[in-house]
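*Asks:* One structure, as structure tokens, below. Some questions next.
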Amino acid sequence: MMKLFKKKDKNIEAEETLAKNAESEKTAADGKNAGVAQETKEDAPETIVCPKCGKTVLKSVVKQHKYVCYECNYYFRVRAKNRIRMVSDKEAFEPWFTELTTGNPLNFPEYEEKIAKTQEKTGLSEGIVIGKTKIYGEETVLGVIDSRFMMGSMGHVVGEKITSAFERATEERLPVILFCCSGGARMQEGIISLMQMAKTSAAAKRHSEAGLLYVPVLTDPTTGGVTASFAMLGDIILAEPKALIGFAGPRVIEQTIGQKLPEGFQRAEFQLEHGFVDMIVEREDLKKTLYKILRAHRPTTGYANFDPLHSDDNYEPTELMKEREAKAKPFKVWDKVSAARQIKRLASVDYMDYIFDEFMELHGDRYFRDDPAIVGGIAYLDGQPVTVIGVHKGKDLEDCAKRNYGMPSPEGYRKALRLMKQAEKFNRPIITFVNTSGAYPGMEAEENGQGEAIARNLYEMSGIKVPILCLMIGEGGSGGALALSVGNEVWMMENATYSILSPEGFASILWKDGKRAKEAAEVMKITAHDLKELDVVDDIIPEFGGADEDALSSIGNYMKGNMKKFLEKESKLTKDQLLEERYKRFRKF
């Protein structure tokens, strides 16, 4: 599978060099001071006890590890100022809304005294610090909830700061990143606290409708009214490992309905599996990950903003591949059916890994589950951000079982649609790689609305206002394949197939004899050349003797060169013309 970062960005390299130099100078100075210092009890290293493993650990070393226990990998909660320092460029943070003060809307007894004591103890005026900063040079609004302040609960001031931040970010055309760490609503402010959920959500909505990026980072714990409002409304949702994330906390569930919760319930990994989180990110990778996300969402015009360094790239096949292609015998129809089904055939992720500079996988349908049969996320095509979605059958038996042999569930189609709508919002072209025997026909899929999910994709894809390119790279099985193939252009690999259903199913339905599958394949017109004649596909991708590892570079280069030509062509069209082109493409049938 592709790695998140294939090559280091120059902004990251420069920032890390400065940080290393500063650390080296500090270490050298510490060494000189150590030579003359008298060892006293006060000089003894400060230690803390890890609440998970129970071991006594050096506080200075824990700090070096981004406040992660070096014995058991436990994530300590991080103060707002430290969190800001960990992800911001040096001296880049500019605080906003520091003048807001906490009131007592319900005249709750001793609330003002509790606030005053908490302010004195923490040095914070309220439970969130928010402002503008830079991350490797990328400007963004950054907010951090500090759990030391009344468990990071959301009262009027926290809600007001978040709402005002979204409003100002909308005015200044800035993305928003919020680190969430909260027990939920602030009980002492009652119904006024509850209203913050609606207020912050409405502000997030306006920010989104302005076409701007919002990234919440869910840390331990994120619960209650914070989870049920702004924390779960991001374009891309990140989480730290093992973070508790849920609406009703474990104690509330157990005390209210008496249900004992299983191990790992409501943790970040649980939320990823159930489709509510895009990525779980190690703390040491957070700054780089946030930068990569911000960079991918820089405002752009057109769809062919390629790096000039690649303008002279040669996408022609090697002489060896040309020779191999010339020697290859043409496949008969059934040979193509068999070839398309081979487990060793190049998969979506192989092409994605070869063609794109970087790939950042995003997960989840935001409703029920993440479907491993569909892999999707943000990639770069020679510097041009694109949304890439592929059906992945798997590379071995274990992987195939995990990915349900490339038969997507409703959750997979909904994940794909979520990513496509996200691409539309941020003006990213969409490229899909299709290789499926069909949508999963199981009972659970029917219970979760398989037909509706496919129909919804067909409906929505017809109106998405960015270019869509679809590549049929193996099996194209019925509506399950079509649900990812409503594009401005559809390309098909030389030995791929695309059909109303499998030849076996066709023979069984029409002739009541599944053994006549080979005969059925001949009459169904399922090959690339048949479908090119029928105008179902626009281009045939050569396989240079077979879609195997040896041919990957030649096939990948062919795809890449023609993808760039496609995007250059589509960049000349208005959004209305894009939609009309796609509508006419399918209207002609």
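Here the Cβ of each residue, glycine as well, is placed from N, Cα and C on the backbone.
The annotation Zn(2+) binding site is assigned in Swiss-Prot to C50, C53, C69, C72 on the grounds of similarity to another entry. As annotated by Swiss-Prot, domain 'CoA carboxyltransferase N-terminal' applies to 46-312. The domain 'CoA carboxyltransferase C-terminal' annotation in Swiss-Prot covers 319-569. Feature annotation from Swiss-Prot assigns region 'Disordered' to 16-38. The annotation region 'Carboxyltransferase' is assigned in Swiss-Prot to 46-569. Per Swiss-Prot, region 'Acetyl-coenzyme A carboxylase carboxyl transferase subunit alpha' is recorded for 276-589. Under the heading zinc finger, Swiss-Prot lists 50-72.
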*Asks:* How about long-range neighbours of the zinc finger (50-72): same chain, 6 or more residues beyond its ends, C-beta under 8 Å?
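*Replies:* Here the qualifying positions are 78, 82, 86, 283-284.
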*Asks:* For C53 (Zn(2+) binding site), what is the tally of other C-beta atoms lying within 10 angstroms of its C-beta?
*Replies:* 13
*Asks:* If you draw a 10 Å sphere around the Cβ of C50 (Zn(2+) binding site), how many other Cβ atoms fall inside it, taking every protein chain shown into account?
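*Replies:* Here the count is 18.
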*Asks:* Which chain neighbours of the Zn(2+) site, leaving out C50, C53, C69, C72, have a Cβ atom within 8 Å of the mean position of the site's Cβ atoms?
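*Replies:* In sequence order, the nearby non-listed residues are P51, K52, G54, K55, V57, Y70, E71, N73, Y74.
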*Asks:* For C53 (Zn(2+) binding site), what is the secondary structure by DSSP, using just helix, strand and coil?
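*Replies:* Reduced to three states, the DSSP call for C53 (Zn(2+) binding site) is coil.
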*Asks:* On the 0 to 100 pLDDT scale, where does the domain 'CoA carboxyltransferase C-terminal' (319-569) sit on average?
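*Replies:* Mean pLDDT for the domain 'CoA carboxyltransferase C-terminal' (319-569): 96.
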*Asks:* Given the binding-site residues C69, C72, and counting only Cβ atoms in the protein chains shown, which has the most within 10 Å of its Cβ?
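*Replies:* The largest 10 Å Cβ neighbour count belongs to C69.
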